[in-house]
Amino acid sequence: MLPTKGETNVNLNYTEIMVRYGELSTKGKNRRSFIMRLAENVKGALSAHPEITVKADRDRMHLYLNGAEAAPIIEKLPKVFGIQNFSPSIRVEKDLDVIIAAVQDVMKKIYTGSETFKITAKRSDHDFIQNSDELNQTLGAAVFRAIPGIKAQMKKPDINLRVEIRANGAYLSYETIQGAGGLPVGTSGRGMLMLSGGIDSPVAGYLAMKRGVEIEAVHFASPPYTSEQALQKAKDLTTKLTPYVGQIQFIEVPFTEIQEEIKRSVPQGYWMTLTRRFMLRITDEIRQLRRGLVIINGESLGQVASQTLQSMVAINEVTATPIIRPVVTMDKLEIIDIAQAIDTFQLAIQPFEDCCTIFAPPQPKTRPNLEKVHYYEARLDVEGMIARAVAGIKIEAISPVSENADTAAEFADLL
Ligand code: ATP
Ligand code: MG
């Protein structure tokens, strides 16, 4: 059988990968910056392969392998948003005899005995001695000579071998591998992802990235009530989101004081609402420091007490910053499907408690009363508590290459 997505024909000496852009082609004069950003993101995703060079044209991007193996690249590219599809290609000299030999060689390697084929030649270099139609004839005949009995088929052939004559050589390709679609991460600006250790928020982060948002992960930790493992789990989930972009900043917020204070001063029915309001205010402060535009969270309507519409109103009251909730209308099973596809599900269901679980009141209000919320908050030093939490954040860059990301806190980067 022909190789399917992800498992390419290793016998072929691919020299480059030709990348076709997705939706960005509709973006008018922003197109150039979109393409530049995509090129950066591709380089980030392929940082483990420094020998590869990237050349981004108006219509396509070329990744020159320079001797690198194609297979690992073919595995990584489908995670880069903004790519419609891509074709591993072989470049040969622009000489008819050389092209004929290469076509015969490729066909012999991929033909397993029953596939139909077609040649689709394209002459971008109009000085070449044969035009597209002539090339189709010549190369088709060459395939019949090399593989007696093979059948040609013009409509939906099993193998469509594309041959493109360009200024710097002839390019052969037969695979078109589906890309991730979406927009290049970063082209929509930056957002702060409120990342717990659960199933929903990593999915929310993934979906925001798919539409071009560059995310930074904000995680609230309440040691010693929350464990080192819970923190590590949030970092590991962040690592799972890095292949889509290259690197993600992980921001840990010390939340113990706030949770203790709320527990001490507020009736339990309102712990949850007040806790969430603090989380949102702090995330918003961090957003300003980090020059983000929006906040992203994993709220899903009606899932738990904090996610009723009334709760959302009470929590959302503390900020006018837009909050993107990519999974808000999804059923849990739909969210789990995505979590499995992006490989965050198994990690997310590990049983390390996060700060919300530990301080979860037995009966949180599902319809919090805003007057009471204000009344209870007046008992607290809201500004001081927020300022102390923000002063204590730790920022760490998490990248896909090292599973154990560099743990050096980068405070210097912050202000
Ligand atoms: P998740 O699966 O993402 O944990 P959930 O269904 O458990 O979501 P909640 O615990 O109510 O829902 O949290 C709702 C949202 O609040 C989360 O999706 C996340 O965006 C944010 N959140 C909750 N806990 C934390 C935390 N410890 N740090 C950062 N954000 C959090
Ligand atoms: Mg949760």
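Using N, Cα and C of the backbone, Cβ positions are placed for all residues, glycine too.
Not measured: the values here are computed from a predicted model.
Binding of ATP is attributed by TrEMBL to Met194, Leu195, His219, Phe220, Gly298, Gln307, and the same site annotation extends, among Arg166, Arg211, Arg276, Arg290, to Arg276. With every protein chain in view, the residue among the binding-site residues His219, Arg276 whose Cβ has the most Cβ partners within 10 Å turns out to be His219. The binding-site residues near ligand 1, defined by a Cβ under 6 Å from one of its atoms, are His219, Phe220, chosen from His219, Phe220, Arg276.
Counting only residues at least six positions away in the same chain, the Cβ atoms of Met194, Ser196, Gly198, Ile199, Asp200, Ser201, Pro202, Val203, Ala204, Arg325, Pro326, Val327 sit under 8 Å from the Cβ of Gly298 (ATP binding site). Fewest other C-beta atoms within 10 angstroms, among the binding-site residues Met194, Leu195, are seen around Met194. For the recorded site, Leu195 (ATP binding site), the DSSP three-state label reads coil.
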